[in-house]
């Protein structure tokens, strides 16, 4: 039986899923995919536009479909998911059954710092992001933990350090 080396990065906005995912994929010589990028490319519009037109529910439906398509078509990938991808039970099930799930944990302070000038996050198009981030964390944290094979704290760590922690875990789990 051929083992697939699928690695799925989950976590809140600003945790570094895309940045870390690109470097992890490079180090492991795997393909990197960002589900948000795939959604935008497939729809021909940005995520903010989808949220404005279809709401979060419409976006989550598209996200679930895109992640299912990616997992049906690709193997040996590093997939960075959107921060809310885990809200959908079907997506959680897909991720946990098709590879190793890495939860990149980030503090509210980190998220604020990393998203302060970001306009591509529809749920953060508000003046005071802190209450929104706190609410999202309260809602999503248990879901992240419920499917995570490993939790990696990103606070104060370099991208290289985080990638090395994930690689070490994957070696220990004999996925590499």
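Yeah, the Cβs are placed from backbone N, Cα and C, and that goes for glycine too.
Take the substrate site that Swiss-Prot assigns to 36, 60, 83: the candidate from 130, 140 listed for it is 140.
With a 10 A radius on its CB, residue 83 (substrate binding site) counts 24 other CB atoms from all the protein chains. By a simple count of nearby Cβ atoms, those within 10 Å, the most crowded of the binding-site residues 16, 17, 60 is 17. The substrate site is defined by 36, 60, 83, 140, and by the 8 Å test on Cβ atoms against their centroid, the other residues of the chain that qualify are 13, 63, 81, 82, 84, 85, 86, 87.
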